[in-house]
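Pulled from TrEMBL:
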type	residues	note
BINDING	B:7-20, B:102, B:163, B:188	ATP binding site
C-alpha cells in the first residue's frame, strides 16, 4: 500500500495542485494520497480566502483521500518551521512512504544534495559562506554562492529559488528527523509563486485571489442584481482555464472571500494596546521591526498599507505581513523556540476524508504516533502540554478568523468533511 | 480669592450641571470654579458620547474657568478610587478652597458624619455591620443599617443612596488625605441618576443620551435629508428644556455620538485572545466573573448584550460594564492597588480655560504640587514613573476612543480649548 503525502495550502485549489495530485497516482502509483494542509491562515501571513472546510472539500474533490490540518504555528511560520512541522505531522501518521512536492528544477538529487550541505555544514561550505558575507552579500545570496561552489549540477541562476525553498526544507526536515519517508519531486509548471497575471492553466493562487477580489470589489460598487450575475460570469470565464470546473463552482458559490485587511481594526487595536511594551515577544519580530511598528503606528490605516510602510531592503513585504499576523494571532517566538526544541510536536487533526478511503483511516488510527482528533470533542485525548497549547492556539486562530466569517460554525461544532 | 472645585463627567452637560456651576458663584460666592472632568470614558464604564474636547468647551460655555482631566484609571473606577483620584487632583492644584457636589439630602454635616464613621470604623459601627451581615444582608444594606443605628439625623430611607455615594467618598478622601479643602453641597434637583424619562429642566445625563441615541437610530434608518432635518428638530425640541441653548447647539452639531457597543468587535477579539489566561488581572474582576465571561464567550454579540447576559443579583449591569471596559482599555487591578498605596498620584492635565481666567492659571502654575501638562509635548516634565504610566494609559485610552471617532485629532495634536 503506497501512500504519498503532499503539503499544501490550496488557497484556492487550482490546476497546478490538481496536476500534483494526479501525478502522485499516475507517475508515482500512489494507492493513497494524504494532504497536510494549512488551516485558516497561510504561510505568507494571510487568512485563507475561503475556510479550511471549503478547501478540504476542494481537496477531496480533486482526488485527495484524506486531509489533515497543519497547526497554525507551523502553517504561518517561515520555511524551516513550516516544513519541519509538516514533516513531523507526516511522520506521525506512521504509514506515509513518500512526500511529493513541486520544484523549479524537478531534480530530487540536487534538492537533497543542497539539503544535506545545509544540514551538515561541511567546512568548505562554511568558509565560502563567510567569504560571501564578508564581501557584503546578504545571507541568502552568500548561501547561494557558497552552494554553487560545492555543487555543479543544474543550471538555474539561483539554487534556492522561491519554488525550491520549501522542497529543500522538507528534505532537511526528513534528514533531521531520521524519517523513513522518501522525497519525490516534479517540475513545477506554469506561473511563478508570486505571479499576479493569470497564465493559461497553471496560474498561481495569488493571481486567482486577485481575480476573485477584484470581482468582489466591482460587485460591491454595483448593487444591481443583473450586473452581479454578469460580473460573476466574467469572473468565472477568466478562471475556468485555471480551476477544475466543479471546484470553481464551489469556490464561486461562496459569498465571501476573506482577506487580511478585514482584520485591520483588530490589529490596530492590539498594536495600540501593546505599544508601550513593544512587540519583540512575537515570532519573527526583532527589535528594529518592533521599533518601526511603534514609530509608524500613528499612520496605521490598513494592514496592507502598514506593511507597505514598514517594508525595506532587509524586510520583505511578505515577511512583515507574516510578522503582523503573528501579533494578531498572539504567536510568540518563545512558542516557536519551544516547538523546535521539542522536535516539532503535533497532533493529527483530521479535516476530511473520502468515504472509500476508510481503510486508510483505519491504518492511520493503528500506526499513528500522535493523538488523532476528528472532532474537537476528541481533544480530551491530548495529554501532552505542548500538544494542548498547540491546539488551544489553533482554536483561537480559527475563532479570530470567524470574527469576520460568522456564517461558519465554530471549532467545536464543525463536522469532519466526508465525500 | 475663593476657588471652588467640582468633579464632573458632563456626558453631556445639562441644566443640572449648569445649576451647580451657577450655585458655586451665587450661593457660595466663588471667584473661580475649576472642574475635574473625566476624559473620554466615564464612571459607569462607557465612552463619552462626545469627545472630552467638546465637553470641555461646553463646560467653559456654562461658566467654568478651567477644566482638568481626571486620569482614566480614576475616571472609570468604583466610587472610592474615583473620588480619591479626583480629590488628589484638586489637592495638587494647591489653590482650591472648597469642593462642591450635589447630594440627595443637601446636608453636608450628615454626609461628613457618615464619611468619618466609614473612615474611622468605631467599634459600635463594626458590631452593627457584622450583625447585619450575619442576618444575611448584603454589604451595602448592612452598612446602611449600621449607619442608621449611629446617626439619627436625616430621614431618607437609605443613607448611602446613589446620589450620596460620591459625596460621602469625596469627604472620606478629603479626611484621608488631610486636605485643606472643605466640602460644600447643594440638594440635587430633578431626575434621579439613572432615570431614563426626560423630566422638566433637570434631566439626568442618561435620559439625554437615550434621546440622542434614538434620534441617531431613526436618522440611520431614514436617509432622506428632509426627514433628517425634521428629526434633528424633534430631538432639539425634546432637549431644549434640559440643556442650555448654546450648549445644545454645540451638542447637536456633532455628527456622531459614541457608545460602548461601537467597541464590541475590539472587546470580542480581546476576550478571545486572552480567554486561555482568564481575566482576573483586570480591575474589579474576580474569579467568578472571569469564569462567567469565559463560559459565555461563545454567545458574545455586543457588549451591552454580553453585560446583560453576565449580570446577576450580586453583580450589577453597571459593575459588569465597567469591568468589561477595564479589559478593553487594559486597566489592571495591580495598577489600581499601586495607585491606592501611593496615595492616588496624579498629574495636572489642563483641557481648557477661559481667556479671562488666566490669573487663576498663573496661580495654579505657582501652587501646583504636580506637573502641569497643557500639551502632550509637556509630558517630558513627568519624571515620576507612576505619573508616566498613568499618562501612557490615558493616551492609550484616548487612542482606543478615537479608533471610532477618527475625525478627531490624536492626543499629541490636540490644543487646549480656550474660550
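A Cβ is built for glycine as well, from the same backbone N, Cα and C atoms used for every other residue.
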Where residue B:7 (ATP binding site) falls in three-state DSSP terms: strand
All-chain count of other Cβ atoms within 10 Å of residue B:19 (ATP binding site): 19
Three-state secondary structure, residue B:16 (ATP binding site) (per DSSP): helix
In three-state DSSP terms, the structure that residue B:163 (ATP binding site) belongs to: helix
Cβ packing number for residue B:7 (ATP binding site), 10 Å threshold: 23
Residue B:13 (ATP binding site): tally of other CB atoms within 10 A of its CB: 29
Count of other CB atoms lying within 10 Å of the CB belonging to residue B:10 (ATP binding site): 24
